[in-house]
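Colleague: If you look up TrEMBL, you'll see 187 marked as active site, proton acceptor. Residues or ranges marked as NAD(+) binding site by TrEMBL: 42, 105, 129, 130, 131. What TrEMBL records for 92, 98, 131, 162 is substrate binding site. Annotation source TrEMBL lists domain 'Lactate/malate dehydrogenase N-terminal' at 6-152.
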């Protein structure tokens, strides 16, 4: 066992973190050989709750966990980080305009981006989970000019997993039998779950999803709506947002960054759009299909895009461009 890596989770007293921290600490993300130091950041009023979380992590008696540091100070939290998982954000309260939400979050992610720039390793991998995730990630990246833009990504893996599982349920196979679904665009209800390039293993034979399902109107209708609105459906049923599935998706996302994607498979994540070949405007944090090797992602190139997809991809890009514009206005005054 080598040197421990330093992993930060923000919003560490919240419910996503409660599902996430155990998985990280027991070796599900960075491997069973990798010791780690967990750094937990939350706001001052949550520090007592966080103490309880620290006690529980200690009581799990996990051999890989060398140290747990809990803090409400950015200069402590962001120091020498290898990985930063930014879960904490200002949640949307009832009656709150999206603009108000953006304003509150620009402030948080400008501050955290500045702290990353100042204290973290330049090789740090930053994953933004807190919503609006794409735009929060863009603001953090812009506030950390000395860290490569490619080191920043936002979570659309939950949407990706939701899409895989809907296809698997429809066909009565396991989600492992489904690969190469794509989430394009924003982690919002404009995202486009695309299965035009997805494959499914049916009775030992790999076929395209459209061919396997033979129900185009479902694939172009209810399937897309179900994935787009799944978060809201969970909140309606559970009276709380999706935490267990979000934590699992974060683990998948970070593990793939760390160890790479399996041969012949690609995954979805929100990354900087610069240099993409799909006509998505530059300087947006947009979800694309990517492959990852040596901790570096690359766009999956050359996928044919039909008119139906084009329209959906443009729509979510437009929303992201508007969000960015609003956020950048706030950034100059934040």
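Positions of Cβ are set from backbone N, Cα and C atoms, glycine also.
Fair warning: this is a prediction, and the values are worked out from it, not measured in the lab.
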Colleague: Measuring Cα to Cα, how far is residue 129 (NAD(+) binding site) from the residue listed as 'active site, proton acceptor' in Å?
Modeller: 10
Colleague: How does the model score the domain 'Lactate/malate dehydrogenase N-terminal' (6-152) in terms of mean pLDDT?
Modeller: 96
Colleague: Between the Cα atoms of residue 92 (substrate binding site) and residue 131 (NAD(+) binding site), what distance do you get, rounded to the nearest Å?
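Modeller: That separation, Cα to Cα, works out to 9 Å.
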Colleague: Within 10 Å of residue 131 (NAD(+) binding site) (Cα-Cα), which of the recorded positions 98, 162, 187?
Modeller: 187
Colleague: Quiz question: given the recorded positions 92, 98, 162, 187, which has the greatest number of C-beta atoms lying within 10 angstroms of its own C-beta?
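Modeller: Per the Cβ count within 10 Å, the most buried is 187.
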Colleague: Take the Cβ of residue 130 (NAD(+) binding site) and count every other Cβ within 10 Å, whichever protein chain it belongs to.
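Modeller: Result for residue 130 (NAD(+) binding site): 25 neighbouring Cβ atoms inside 10 Å.
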Colleague: Quick one: of 105, 131, which of the binding-site residues has the smallest count of other CB atoms within 10 A?
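Modeller: Per-residue Cβ counts within 10 Å for the binding-site residues 105, 131 bottom out at 131.
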